[in-house]
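**Student:** Got these off TrEMBL a minute ago, pasting:
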- A:41-65: transmembrane segment (TRANSMEM)
- A:77-106: transmembrane segment (TRANSMEM)
- A:118-138: transmembrane segment (TRANSMEM)
- A:164-186: transmembrane segment (TRANSMEM)
- A:225-245: transmembrane segment (TRANSMEM)
- A:265-285: transmembrane segment (TRANSMEM)
- A:306-327: transmembrane segment (TRANSMEM)
- A:347-365: transmembrane segment (TRANSMEM)
- A:372-393: transmembrane segment (TRANSMEM)
- A:413-434: transmembrane segment (TRANSMEM)
Amino acid sequence: MSLTQAVRDKLDIPDLVTGGKSLKDVTVDIAKPNEDFPTKLWWNTFLLVLTITLIDVAIIGYLFYEGLYLLGINNPVGWGFFVVNFVFWIGIGHAGTLISAVLYLFRQGWRTGINRAAEAMTIFAVLVAASNLILHVGRPWLGFWLFPYPNERGPLWVNFRSPLIWDTFAVSTYLSISMVFWYLGLIPDLATLRDRATETWRKNLYNILAFGWVGSARAWSHLEIVSMILAALSTPLVLSVHTIVSFDFAVSILPGWHTTIFPPYFVAGAIFSGFAMVVTLMVIAREVFNLKNYITMKHLDNMNKIMMVTGLIVGLAYGTEFFIAWYSGNEYEGFAFWNRAFGPYGWAYFIMISCNVLSPQVFWFRKLRYNIPVMFVASLVVNVGMWFERFVIMMTLNRDFLPSSWAMYTPTLFDYAMLIGTFGIFFTLFLLWCRIMPVIAIAEVKTVMPQKEGAHH
Amino acid sequence: MYLPKLEQFHKYKEMDEGVLGIFDTPEAIMHAAEKTKAKDYIGFDCILPYPVHGIDEAMGTPRSGLPWVTFFAGIFGCTIGILFQYLTHAHDWPLNISGKSLNAWFAYVPIIFELTVFSAGIYTVAALCFLSGIPKATRRILHPDLTSHKFGLWIPKSAKGYNESDVVSFVKSLGGSEVIVVKPENQK
């Protein structure tokens, strides 16, 4: 950031904001989607995902009126799609925190173009994940039992030695810290929208949302420090959340789950799927909101590289699991993995391998990293693959210690409805958010603009 | 030893009466801040659309002391995490689950960590809100472009040695594009 333009040109460092924009252009361009009347495309997409959400809500109501027997879960496969969806969506959330926190700590200027949307993605993904966590307990109206509180059943406390309670604490901490981080960053941008608003209702709305921010240098100095603190707190937090999610599996005694590789393997998978989702959303957002000067090919290139690296880590983890199953000489462990690849759910295993390990390999080639259709398809494929990864892990249950209790898991229509519903809720929230808040961090983009080099020390 | 100082917790001050100079570039506001500091108008402020690096030094405001809040709030959260789990499990309602130790402190680590982070984060943000004077929905906005592409220099009436005509001519001499005298009665 402190390099002069001549040096940047010589080193061929691409600008993070292209098109020779001035500070005012940045405000006008980014605020445009919030100030214009929504396009037909937005309305159509929104009505579609809203319909899915409403149907999903009705189905959830019916499901809990009737009971969980409508789902495909049985004994031994007591964990169905709800937990697959939970792990999948909490993983999606991780890229948002990584982009905003880890890249912030490493002073990566390119994060400014995408961090806001990625953070919003985190919030909505974690909300969807948390709803699956609550729903999977079967009696969601008693979900508050997961929290320790002085209660009328005597001094009966939650079991702090149980991973389900760890999940509760991890997910709620993650959600609250991510929300605070996201909203603090939004406050100056909402103030920008407030000051640009012409209609009274819009001015009042943003006036409330912007908390009365004026942009005083004293307040900025505190805000910058707090952003750094929150980034430093979120970095271990994001690793801890998925580590704790992996403990749901790893602290059990089931072969195939009871392994020490689970925490890093889950975290890498989470970053992988999260970045895939960010690429999917960014490719759409830059087209729909005409933000190609802010979400440049360089941003997408960087994300594709991260996707490739995390894809390789996930591939290494799959290999390590197999190697250890063989090398440990534990026949139950060995069987669990043989069963994963060549058992009745072998098809899911090979979908997972081809989507997660093979498809990101296209990004070895620069030409393909810069190709929008290729990266869009690859990001979708990776998300499918990562959903199947969690499905494969869950299906380890179908053949446990006693062959007499082996059973197959067949998802019912209700399971599929829950799965589709999670996407409905996620995209409804995301589209609504795109309408009322800026998709790109206006103030942060201005700090990495090439024309203001002279402002640095 | 690095110790917290009161001036590190500098607060945002409400803007009722004073002189506002408007500048077009970050370089100009930086220069203006340095001059104003040299002129000893204590309590002046800059209004920026984005954090301009180096403005703190130019204005003479010390580095924010909020990391201290984080530090102590983190220790508080950590202590609560340890005590709460120990007291509820080993003391208040001891339950033998699968023969696990009552004070299985290894199992407490995830929740201790989460409570540490939660407490550190939330208290720091609360302190930020307090020092920045937010939320406040009825705040006066001096100029709409200051959150977009203009930079403001604010010298309030409370500044030491404030004299309206002197301040106006001083701000004009800094080369701002506009100088506005703000009075409570011409509030929109």
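Heads up, the Cβ atoms here are built off N, Cα and C, so glycines get one too.
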**Student:** Who are the long-range neighbours of the transmembrane segment (A:41-65) in its own chain, taking Cβ under 8 Å and residues 6 or more past its ends?
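**Tutor:** Result: 71, 135, 139-141, 288, 414, 417-418, 420-425, 427-428, 431-432, 434-435.
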**Student:** How about long-range neighbours of the transmembrane segment (A:225-245): same chain, 6 or more residues beyond its ends, C-beta under 8 Å?
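**Tutor:** 86-87, 90-91, 94, 97-98, 100-102, 104-105, 163, 166-167, 170-171, 173-174, 177-178, 180-181, 184-185, 263, 266-267, 270.
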**Student:** Of the listed stretches (A:306-327, A:372-393, A:413-434), which one yields the highest count of Cβ-Cβ distances below 8 Å with the transmembrane segment (A:118-138)?
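**Tutor:** Of the candidates A:306-327, A:372-393, A:413-434, A:413-434 scores highest.
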**Student:** Which range out of A:164-186, A:265-285, A:306-327, A:347-365, A:413-434 gives the transmembrane segment (A:372-393) the most CB pairs under 8 Å?
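**Tutor:** Of the candidates A:164-186, A:265-285, A:306-327, A:347-365, A:413-434, A:347-365 scores highest.
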**Student:** What stretch of A:164-186, A:306-327, A:347-365, A:413-434 shows the most Cβ pairs under 8 Å to the transmembrane segment (A:265-285)?
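**Tutor:** It is A:306-327, which has the most Cβ pairs under 8 Å.
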**Student:** So if I exclude everything within five residues of the ends of the transmembrane segment (A:347-365), which remaining residues of that chain have a CB under 8 angstroms from its CBs? That is, six or more out.
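**Tutor:** Same-chain contacts beyond the ends: 269, 272, 304-305, 307-308, 311-312, 314-315, 318, 340-341, 374-375, 378, 381-382, 384-386, 388-389, 391-392, 395.
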**Student:** What parts of the chain pack near the transmembrane segment (A:164-186), using Cβ distances under 8 Å and only residues at least 6 beyond its ends?
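**Tutor:** Sequence-remote neighbours of the transmembrane segment (A:164-186) are 90, 93, 96-97, 100-101, 115-116, 119-120, 122-123, 126-127, 129-130, 133, 146-147, 158, 209, 223, 226-227, 230-231, 233-234, 237-238, 240-241, 244-245, 247-248, 437-438, 441, 444.
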